[in-house]
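K.L.:
There's a structure below that I have some questions on.
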Amino acid sequence: MTDPIAAPDRGPQDVPAFDHERAEAAVRELLAAIGEDPDREGLRDTPARVARAYAELTAGLRMAPEDVLTTTFDLGHDEMVLVRDIELWSMCEHHLVPFTGVAHVGYIPAESGKITGLSKLARLVDLYAKRPQVQERLTTQVADSLMEILDARGVIVVIEAEHLCMTMRGVRKAGARTITSAVRGLMLSSPTTRAEAMALIHSPRG
Ligand SMILES: Nc1nc2c(ncn2[C@@H]2O[C@H](COP(=O)(O)OP(=O)(O)OP(=O)(O)O)[C@@H](O)[C@H]2O)c(=O)[nH]1
Ligand SMILES: [Zn+2]
């Protein structure tokens, strides 16, 4: 059995173009299955709308991290960079309902000072969030692509999220937050560096 957490990171070359026609037909079918009339006035445009929404919500399937993680070399900064509280919206692959929260992403650049723009860290989170996901894989993918593409000496990614599949249905535990982390390189081998990152993540807001 394949391990769903370690699902291969399919690149955009492995993913066919979004099939609007097929998505619309599927939504029409789903509406019929729940006992609705897909032809009634209020629902007539819904399949097309949902198809467009899903194209947007899964756009990360058709993007590669190299597309967003462009690098710049000229700052000569080789110490920790951390962006915290990056807003996150993703979709749980088990129920196709959202999970939402924040990501904290930090890295220690390569000695060459190979760094990326701050917004690119948020774009990277978005890229992996806009796929059917589990929180663990999302966390891992963000960490691993930073290590690889930036040759970072260390990376920490912490994601705190609320899963609507646990809130609006099923076990119904509003407010329960799931926290996942992925720690790589120096952040793993040096407890002092990791403690510094965690202190920055948890320092008072505002
Ligand atoms: N590990 C992990 N589990 C998740 C994530 N998102 C949703 N789940 C869980 O996936 C599980 C799916 O369990 P199943 O028993 O197959 O499905 P279900 O009958 O709908 O489960 P309930 O939600 O307990 O009603 C549930 O326990 C969800 O809470 C995630 O990001 N990571
Ligand atoms: Zn779910």
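Note: Cβ is positioned from N, Cα and C throughout, glycine not excepted.
Pasting the feature list from TrEMBL:
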DOMAIN    24-201  domain 'GTP cyclohydrolase I'
BINDING   CYS92, HIS95, CYS165  Zn(2+) binding site
K.L.:
Around the Cβ of CYS92 (Zn(2+) binding site), how many other Cβ atoms lie within 10 Å? Please give the count over every shown protein chain.
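P.N.:
A 10 Å sphere around the Cβ of CYS92 (Zn(2+) binding site) contains 18 other Cβ atoms.
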K.L.:
Return the residues near CYS165 (Zn(2+) binding site), defined as same-chain residues 6+ apart in sequence whose C-beta is under 8 angstroms from its C-beta, sorted by sequence, else 'none'.
P.N.:
CYS92, HIS94, HIS95, VAL97, PHE99
K.L.:
According to DSSP, collapsed to three classes, what secondary structure does HIS95 (Zn(2+) binding site) have?
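P.N.:
Its secondary structure by DSSP: coil.
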K.L.:
Quick one: give me the count of other CB atoms within 10 A of the CB of HIS95 (Zn(2+) binding site).
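P.N.:
Result for HIS95 (Zn(2+) binding site): 16 neighbouring Cβ atoms inside 10 Å.
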K.L.:
Using DSSP and collapsing to three states, where does CYS165 (Zn(2+) binding site) fall: helix, strand or coil?
P.N.:
helix
K.L.:
Please average pLDDT over the domain 'GTP cyclohydrolase I' (24-201) for the predicted structure.
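P.N.:
Averaged over the domain 'GTP cyclohydrolase I' (24-201), the predicted model reaches a pLDDT of 96.
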